[in-house]
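Chemist: According to Swiss-Prot, the record shows the following:
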- 1-28: signal peptide (SIGNAL)
- 29-242: domain 'GH16' (DOMAIN)
- Q29: pyrrolidone carboxylic acid (MOD_RES)
- C60-C89: disulfide bond (DISULFID)
- E133: active site, nucleophile (ACT_SITE)
- E137: active site, proton donor (ACT_SITE)
Amino acid sequence: MPYLKRVLLLLVTGLFMSLFAVTATASAQTGGSFFDPFNGYNSGFWQKADGYSNGNMFNCTWRANNVSMTSLGEMRLALTSPAYNKFDCGENRSVQTYGYGLYEVRMKPAKNTGIVSSFFTYTGPTDGTPWDEIDIEFLGKDTTKVQFNYYTNGAGNHEKIVDLGFDAANAYHTYAFDWQPNSIKWYVDGQLKHTATNQIPTTPGKIMMNLWNGTGVDEWLGSYNGVNPLYAHYDWVRYTKK
């Protein structure tokens, strides 16, 4: 083989191997399949938000004490009030990030005007990444409905509200989304309810659950009336990597 061709072959091979290594490393950094029945809190797997507020429409401070495990074998997020017109809320998130796959949760949201109970994936500028997010949200003003949404590099406005045919706050049900490169499919108790195919998120995110009260978004959530304590219940979470 002529010298020049041999050099070019080595350069191309090296570039391919470098790209392969980067891809493999990125893949290795995302979490694998798991099932957590919430029989106890795994602090090596999950993190509790504590001591700060998201601000803007979030009218509460995240407190680790507002994330607890109950004797019923469930995780409970609480919305409480330590003082007049001051509110604490609960948020739980995974340590690792997760990519394409099936995300499932068995949960009961809190019921009250002005609040949100959720299950979602998120990554953003504080993580050094674009804002990518996929949501399952319950607006406490009407828990006979569920809202699906997603953000890709900060672009949202993909809300879809689905009538459940039951009150989600009264009993446990399973909610899920299947995130793939060209689509997101949302499910309720195994039944497909909504599909999105445009501008699908690409960045792995942390698995998150939270309960919070809003401010300045009454048209969306309704006005929060100060009722507390309120609780959202999570029986289990499962992720199946695909």
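Just so it is clear, glycine is given a Cβ too, placed from its N, Cα and C backbone atoms.
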Chemist: Take the C-alpha atoms of C89 (disulfide bond) and Q29 (pyrrolidone carboxylic acid) and report the distance between them in angstrom, rounded.
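Modeler: Their Cα atoms are separated by 30 Å.
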Chemist: Out of Q29, E133, E137, the recorded positions in the record, which is closest to C60 (disulfide bond) when you go by Cα distance?
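Modeler: Out of the listed candidates, the nearest Cα belongs to E137.
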Chemist: Using all protein chains in view, find how many other C-beta atoms are within 10 Å of the C-beta of Q29 (pyrrolidone carboxylic acid).
Modeler: 11
Chemist: Determine, to the nearest whole angstrom, how far the Cα atom of Q29 (pyrrolidone carboxylic acid) is from the Cα atom of E137 (active site, proton donor).
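Modeler: The Cα atom of Q29 (pyrrolidone carboxylic acid) is 27 Å away from the Cα atom of E137 (active site, proton donor).
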Chemist: Would you mind checking how many other C-beta atoms are within 10 angstroms of the C-beta on C60 (disulfide bond)?
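Modeler: Its Cβ shell of radius 10 Å holds 26 other Cβ atoms.
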